Amino acid sequence: MSSCAAMPPAHPFDDDKLREECGVYGVTGLPEAANFVALGLHALQHRGQEAGGIVSYDPDTGFNSARRFGYVRDNFTKASLMETLPGTVAIGHVRYSTAGKKGAAIRDVQPFFGEFSMGGAAIAHNGNITNAEELRHDLIERGSIFQSSSDTECIIHLMARSMAKSIPDRMEDALRRVEGAFSIVAMTRTKLMGVRDALGVRPLVLGQFGDGWVLSSETCALDIIGARFVREIEPGEMVVISADGSLESRRPFRPKASRSCIFEHVYFSRPDSILGGRSVYETRRQIGVELAREAPVEADLVCPVPDSGTPAAIGYAAESGIPFGLGITRNQYMGRTFIEPTEQIRNMGVRLKLNVNRALIAGKRVILVDDSVVRGTTSQKIREMILDAGAKEVHFRIASPPTAWPCFYGVDTPERSKLLAANMTEDEMCAHLNVDSLKFISLDGLYRAVGEANGRDPKAPQYCDACFSGEYPVAPSDMIAKGFTVKAAE
Ligand code: SF4
């Protein structure tokens, strides 16, 4: 049912950021649904560049699937491929491989497919099932044969063991066994389904296009096909959309207060998306405003580290009154140009991707605004480039609090020992990066920027902020079983 192309290696110069691992998309009620899914996945490409897949259903040819390594635009634009994906219902997935899963195989590329007595179902998910290892062990003991290393496959096997009479009912049964932070799109021959975990950590939105419905990780991927944003799928909600266009809302999980990922606002989501009723761009700009209030410094220029630092730098400049300038230019076409970089090219590192505008920087006290500091390796190189260009001072302002804890909810994070903020105080990081000053936005400031006037108030709506606070709203069971110690917030 599927085939593959050669897999490009992970980007060799871009390993100092947290990476969202997946984006999901689903369409029903539209002719050539797979073409819409391909466009949606293209708009979600920032959420995963390693591989993508689409499954569609057509009454004449049944379920059809294509899974490929590489960018959506390089695969799912070819008529010869898209013609193999007919039908009015389709789902798709883009993924990013984590450092620990290098050498991933096509068998790990979603969507996954299962054949049940009442028909087939395909499923794709964004996030992480935190008890997947325990479930997998249990299922294997009871005879399940896994074909991939993905935790998504657990859901298929749990559905296979359910005695419920319909696929949506089996999905509900399966969901009651899984813990974690995830958004799911799934399909049968006639239905499109969407699920958000009990806390709504990972995003999923609903859109409408003509007589059809669309599910997407982000609203920007509704815009690309001209779909109307209807609403977010609620935390703990499962929607089942039938071929006649009717939509049923189910509640497979015990009701809990929402804890959506706050880092989506800082970095993962596209700035043109709407998240939690707020413009991502406007939130990022407001983060810059808060940062300027919390961490002012005398300087001549506010300069973003492209691209995700740009809205926060605009906000910082507006609030501080210090001129804004694009002192660093990103090479948009770097992509995967160097498939197998030599050591000499590897040493050029960040210079291949970013270049400093000397004419703007020379002789100035520069405030660099970046979205995060993970390992700190890129920050060091950028400081060198700015000083080489003749800057008098370099001040880093970071649009997120110190990232001191790993994410277990579907985001690729280095292990704790590699996180700069897990091992150093802010002053030590400043000395380590050898900059004139370094300041991070506070957690309260970040909450204010996403609209919580009182900051991080336990009585007000909360977000998942575990990578900053170490308070994990869903206990990462598999990691705890391996000895990881967390401050469970539940
Ligand atoms: S740990 Fe951080 S990145 Fe992961 S879901 Fe929570 S806020 Fe988002």
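Each residue, glycine too, has its Cβ placed from N, Cα and C.
In TrEMBL, annotation is done automatically, which means it is predicted and not curated.
Keep in mind that what you see is a predicted model, and the values were worked out from it rather than measured.
The following features are taken from TrEMBL:
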{"type": "ACT_SITE", "residues": "Cys22", "note": "active site, nucleophile"}
{"type": "DOMAIN", "residues": "22-244", "note": "domain 'Glutamine amidotransferase type-2'"}
{"type": "BINDING", "residues": "Cys261, Cys407, Cys464, Cys467", "note": "[4Fe-4S] cluster binding site"}
{"type": "BINDING", "residues": "Ser308, Asp370, Asp371", "note": "Mg(2+) binding site"}
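Taking the features listed in TrEMBL, we show where each one sits on the structure.
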residue: Cys22; record: active site, nucleophile; Cβ contacts under 8 Å, 6 or more apart: Arg47, Gly48, His93, Val94, Arg95, Tyr96, Gln110, Ala124, His125, Asn126, Gly127, Ser217, Gly410
residue: Cys261; record: [4Fe-4S] cluster binding site; Cβ contacts under 8 Å, 6 or more apart: Ala181, Val201, Arg202, Pro203, Phe268, Tyr409, Val411, Tyr463, Cys464
residue: Ser308; record: Mg(2+) binding site; Cβ contacts under 8 Å, 6 or more apart: Val266, Tyr267, Pro271, Arg284, Asp371
residue: Asp370; record: Mg(2+) binding site; Cβ contacts under 8 Å, 6 or more apart: Pro304, Val305, Gly309, Ser379, Ile382, Phe396, Arg397, Ile398, Ala399
residue: Cys407; record: [4Fe-4S] cluster binding site; Cβ contacts under 8 Å, 6 or more apart: Leu18, Phe263, Thr413, Ala466, Cys467
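Among the binding-site residues listed (Cys261, Ser308, Asp370, Asp371, Cys464, Cys467), Cys261, Cys464, Cys467 have a CB atom closer than 6 Å to some atom of ligand 1, in sequence order. Cβ contacts within 10 Å of Asp371 (Mg(2+) binding site), excluding its own Cβ and spanning all protein chains shown: 24. Sitting within 8 Å of the Cβ centre of Cys261, Cys407, Cys464, Cys467, and not among those site residues for [4Fe-4S] cluster, are the Cβ atoms of Ala181, Val201, Ile262, Phe263, Tyr409, Val411, Asp465, Ala466. In the three-state DSSP reading, Cys464 ([4Fe-4S] cluster binding site) counts as strand. According to DSSP, Ser308 (Mg(2+) binding site) is assigned to coil rather than to any helix or strand.
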